[in-house]
Amino acid sequence: MKIMIDHPILLHKQVILSGNKMIAVENQAIDKAIPKDESDEFVVPESNAFGQSFRAYEGSVRQSIVENCYRLHHINQTYDFVKRTREEYAKLNKVEMSIWEAIELLDNFVDETDPDLDEPQIQHMLQSAEAIRKDYPSEDWLHLTALIHDLGKVLFHSKLGSLPQWAVNGDTLIVGCAYDESIVYYKYLKENPDYNNPAYNTKLGVYSEGCGLENVLLSWGHDDYMYLVLKASGTTLPPAASFIIRYHSLYPLHHNGAYEYLMNDEDRENLKWLQTFSKYDLYSKSKVHVDVEKVKPYYESLIKKYFPEKIRW
């Protein structure tokens, strides 16, 4: 399929420090690249891996386990919890490993908040990456972004502190201001101490209009954690990749139009890529496994292109 762009993608070399040596890497400017138009988008399947509608939280075959995880998530994800946990994990002092080593930690991990799939996360990440690779063959940064978008779920592993699933997975929400009513299982948020706290339950809460999403706190989990890892890693992935990774679970934003009053112009531009990516994240889920060893050389080449050999977690 043809990629629609205003002018050719420009490549440039950037030098970054990895350990004690300097390495040159290629970076891809996507300033003028735009997502495909609507008629050329990913075809949405009629049903999920269980033959049900996607994101059908009521009546899902996984409803009991999914709903319980969200209940714990909504009750425990207070502004203070998020602030404290983020500050701790922002130190990135748990372990040093490569991107692929981190991917392998998710080989047997199943997300308890996902009503659409009960396969290991490594399969979901590869399914997303392979689907977007097919439709956007020239945008290798997008292939890699899809591969690592859920990599922050390594938070469940003993190497990263064995966090409970409610502090790792699930749709995210913005803490420090009023909860949007489109949030999945909104009813449980009424049990969160912040719900009745006047400092946090108004439209803006602790924020100001147009402050930019980079300046807000999200419920703690894999999205924001991987964003922090990326920022400190020396990656040459474009800013849109970081935006996709931090906000891909913020469904009230990219599916329901919530929180627009907190966005700035850069957020609105990057949102276009997030909305494109979201289709592949959600609708590529399948019981049909990707052959890991077959595609591994390609993705390892992208990791080598965009990341140092080892990064801090």
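Placed from the backbone N, Cα and C atoms, the Cβ positions cover glycine too.
Marked as Fe cation binding site by TrEMBL: H124, H149, D150, H222, H248, D281. For D281 (Fe cation binding site), the Cβ neighbour count at a 10 Å cut-off comes to 21, with all displayed protein chains included.
Around the Cβ of D150 (Fe cation binding site), a 10 Å sphere holds 26 further Cβ atoms from the protein chains shown. Taking the centroid of the Cβ atoms of H124, H149, D150, H222, H248, D281 as the Fe cation site, the other same-chain residues with Cβ within 8 Å of it are M125, S128, L151, K153, D223, I245, S249.
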